[in-house]
Amino acid sequence: MLLTCTNSLKISSQAKEWESKTLTGMSLEQLNKRIRIPASDIEGTMTSRVKEMLSKVELSVSSYDTAWVAMVPTLDSSKQPLFPKSLKWIMENQQPDGSWGLDLSHPLLIKDSLSSTLACVLALQKWNVGQQLVHKGLDFVQSNIWAATDEHQRSPIGFDMIFPSMIEYGRDMGLNLSLNQSLVEAMLLKRDLETKRLFYYLKDKPSNLAYVAEGLNTLNDWKEVMKFQRSNGSLFNSPSSTAAALIHLHDGKCFEYLNSLTKKFGNAVPTIYPFDIYARLFVIDSLEKLGIDRYVREDKEKMLDDIYRCWMQGSEEIFSDPTCCAMAFRILRTNGYAISSDALANFDEKESLFYEKDAKSTLELFKASQTTIFQDEPVLDKINAWTSTYLEKELRDGTIPDKSLHAEVDYALKHIQANLVRLEHRSYIENYNVDNVSLLKASYRFCNVDNRDLLTFSFQDYNMCQSMHRKELDYLEGWIKKCGIDQLEYARQTIKYAAFSIASSIFQPKFSDGRISWAQNSVLTTIVDDFFDYGGSMEELVNLIELVQRWDDHTTIGYKSKEVEILFNAVYSTTNDLADKARILQGRCVKKHMIDSWIFLLKAMLKEAEWARNKIVPTMDDFIPNGYISFALGPIILTSLYLVEPLSEEAVNSEEYEKLYMVISILGRLINDRVATQSDGAQGKLNIVTLEVINGKGAITEEEVQEKVARTIDSNRRELLRMVSQTEGSIVPKACKDFFWTMSNVLHLFYMGDDGYSSPTKMMSAVNAVINEPIVLP
């Protein structure tokens, strides 16, 4: 049933361990021996490097923030710098072209270089030192001032307010700034208009303005700014903001904060501190998006436990920053930690961001809004509304200059419900930003996070897993011929889609048996569904059910047709093979469970066939309990779970297990029936939409039913994600629960036309991306 709406559809692996010979006719046991993953560097040196990245993340220094620290005078005199070693660092770190900054070669970071360079020039001019350096710095600013108004340049937070103000500071100091006067006036006008606008719109959120206080030339009450001083003495963990406050107020706690930074980092300071939580979230998020986090599972879990403790303690580092808060919320919730979305209430409006055009923060908030697990989470609903609108506009207008971020936003918006992680991994790998440069008020990077290593690691791992998927598909194509189901006239060629549907999310090598089971039963249930719809007579349908009920004693019954014989033997031999394999993993025989799932399915399909052929209109109370079983996810999902991880009888008989199956089955039935209303009607089949209209007797229209079904789909999807994510009180293994969530994403992919794969061409491209085409990096 899973594949009923799909359209009909050479690998040259670089790994020498893989052969390209066909596996047609091989047994499942032989296949598993052939595709065993060899020990390699993937589990050796690279894993050690990733663990090192997780254990300690180092941040680059910021010329911009160091310059502001260098401008702070001693507390008893305005003629001497309080941090002379920071001033010395500036004098020793000018680049040959006269600039200061992190990434001088990046063509889109010229605004950042302008800001850092002018700040350093101001520091030198203030203390009347390094005049030659000042002249070289001014030459750089004058030569590159065009970038200050270039909308295609990546802009540091608050640049349009801070940079013009620094020009004014420079003039007041007597700097000879030979800049285009009309351009400077335009920047000053834009700053003033932006300041007025923000004062008006952010009167209830003054912290956003205080973050860029060094750029507010009209700010008279610095004591108001100090309301946002944190327990560590800083303003927003920003050395530049804290230094600006210390210049005006001589606050002791500000001094202690900056003094500790210069001691810790050796005279030059980073653009944000502390940054431990965000840095670790950044690395975890990168590993997840690259598909390699499984190699450091224990380290990741330990780190998430630490982050969760910080969350529960109300860490300022988390809750004061939208990017950090959104990322922490999403990663913690999807990894099973019980946290409330109310923590994101401060970011439920666009104006809550420090910087209006902060696409990175907006994307993180949008992703967080996708993790709704309760029926009433208004904060996430509000965040989803404004972030999706904003990001869609940014894409249309082409105003996201960072190529990697642009690709990530584009993927996130196009695959809201059909987010198949392997496609996300591939997109992220192919668009990965190896420069590892991010922007706050200045650019920064994590010095010991080697993005090139991560990229190499991830693309090798992707291609290795893909090689296994290709071998699995070879085996499945041989199985089709061996079973003879390719001889059935009405049997659609769905094996590629079946293999893709599971490999696109459950890709890990150790789950190969589970993937093969999923694909085999997806094909079998689709063919059986067609047989019950129009391929077989009632006598043949009853015959097939009796054969399955007898199982090993089926020879006493006989076959009513060749089609029945082929179908039964395919179900019989495949289920027996899978049960033998499952027995090894489970330590007990689970064949009866597998057979029962087929019996329940066939009886439900027979009931629907009787309704259709006898033109009976059932009540909704009769249709739904039967309809969720007839959607055929029992053999597909439940059988596969026995080949994933040990699954106790307690878990199989639990309310949690039954509810997972029921919720995903109802979800599938709703998604299918919402889309297939017209096609089902043409075939004389009833579904939830048409039944609701018929039983409503004119009181409800089809459009109203469609809207009702859409709301129910959303409700069930939230409930499913809650059950899959929760860990407290759960006895079903997480790896098994992931199969239910994978099915939800696959159903949206196959049945919904608004997630990017509605055309055969796009679907084929997705199949090839996961199974056939290795990643080739430039």
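Note: Cβ is positioned from N, Cα and C throughout, glycine not excepted.
Residues or ranges marked as Mg(2+) 1 binding site in Swiss-Prot (evidence: similarity to another entry): ASP529, ASP533. DSSP assigns ASP529 (Mg(2+) 1 binding site) to a helix.
Residues or ranges marked as Mg(2+) 2 binding site by Swiss-Prot: ASP529, ASP533. Every protein chain shown contributes to the tally, and the Cβ of ASP533 (Mg(2+) 1 binding site) ends up with 18 other Cβ atoms within 10 Å.
The Mg(2+) 3 binding site annotation in Swiss-Prot covers ASN672, ASP673, ASP680, and the record cites similarity to another entry as its basis.
Swiss-Prot lists 529-533 with the feature motif 'DDXXD motif', giving similarity to another entry as the kind of evidence. Mean pLDDT for the motif 'DDXXD motif' (529-533) in the predicted structure: 91.
Annotation source Swiss-Prot lists transit peptide at 1-37.
Among the binding-site residues ASP529, ASP673, the residue whose Cβ has the fewest other Cβ atoms within 10 Å is ASP529. Take the CB of ASN672 (Mg(2+) 3 binding site) and look out to 10 A: across all protein chains shown you find 22 other CB atoms.
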